[in-house]
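As annotated by TrEMBL, domain 'Tetrahydrofolate dehydrogenase/cyclohydrolase catalytic' applies to 6-122. If you look up TrEMBL, you'll see 141-276 marked as domain 'Tetrahydrofolate dehydrogenase/cyclohydrolase NAD(P)-binding'. The NADP(+) binding site annotation in TrEMBL covers GLY167, ARG168, SER169.
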Amino acid sequence: METLILDGKYQASCYEDEFRAEVANLKARANNATPVLATILVGADPSSATYVRMKGEACRRIGMDSRKIEMSEQTTTEELLATIDELNADENVHGILLQHPVPAQIDERACFDRIALEKDVDGVTCLGFGRMAMGESAYGSATPAGIMRLLEKYKLELSGLHAVVVGRSPILGKPMALMLLNANCTVTICHSRTKDLERHIREADLVVGAVGIPEFIKADWIKDGAIVVDAGYHTGGVGDIELAPLNGRVKALTPVPGGVGPMTINTLIAQTLTAGTKAIK
Ligand code: NAP
């Protein structure tokens, strides 16, 4: 079987070409106004700093602006909430990204939920999650929404498939499961307490690996002809699924790197562009 490679890097770059034209049109009709993404980085974690930098660069590549806010490792919940309040009130900011994770003393959930719904372009608020789950309009959590956009781009028929999502984090596994349910999949959610994980995965027509452990999901647990989505990324360029033996045996797979990662950032900028376009008019 020839395996379709779900090339997120390529699709993201095609989307960027479209977005660049949209931003140019918006600027032309709105007196050079451009959507602005505010990024908040708390502390000095090098991976988080890299992710924030990449998000700012993606904005610039398509002609949007980003505003970088850096806060110290000792920041309190109250200080972070006050910063978010300022950004919510700033009409020149259209999207807010609070880089996860924040230092342990901060109530991350309270800070996520302080982001105004119309600026929640990373899809992290409970309200946005609830609206998405109910099929109402909301910006989706960027990684699972990026996965859905990638599956749609390749016109993969999802209706009726048995999807098994391994992982139930608030930003990835849980919204992923709801998005697949809304796309008419029958969904099983697995996590660290799941008994006989391998048996569940063997039954999957579509597997999403969102575990955070390198190559934790073994290739021989996955049935022939399945669709395989690996959301993981670890040093050495491996994901959460043992992908190499699957090439030639499954219907489609996301490579690591170059699959889910570029679509995550692309979804963040897509949603910022939408938010900015609505606000600027
Ligand atoms: P997380 O918050 O650590 O969640 C991991 C999930 O995996 C949890 O729900 C956990 O279950 C489950 N799990 C852990 N050990 C397990 C086991 N032995 N068997 C079954 N399930 C197990 O991680 P995350 O933020 O969702 O990220 C998951 C992966 O996606 C990571 O590799 C991360 O690097 C990657 N990621 C990629 C992007 C991107 O843009 N490409 C974005 C975000 C994350 P419990 O709930 O029971 O603890």
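Each Cβ is built from the backbone N, Cα and C atoms, and glycine gets one as well.
Nobody curates TrEMBL annotations by hand; they come from automatic prediction.
Once Cβ contacts within 10 Å are tallied over all protein chains shown, the binding-site residues GLY167, ARG168, SER169 are led by GLY167. The helix, strand and coil residue counts that DSSP assigns across the domain 'Tetrahydrofolate dehydrogenase/cyclohydrolase NAD(P)-binding' (141-276) are 51 helix, 24 strand, 61 coil. Note: the NADP(+) site is recorded as GLY167, ARG168, SER169; in the same chain, VAL165, VAL166, PRO170, LEU172, GLY173, LYS174, ILE189, HIS191, ALA210, VAL211 also have Cβ atoms within 8 Å of that site's Cβ centroid.
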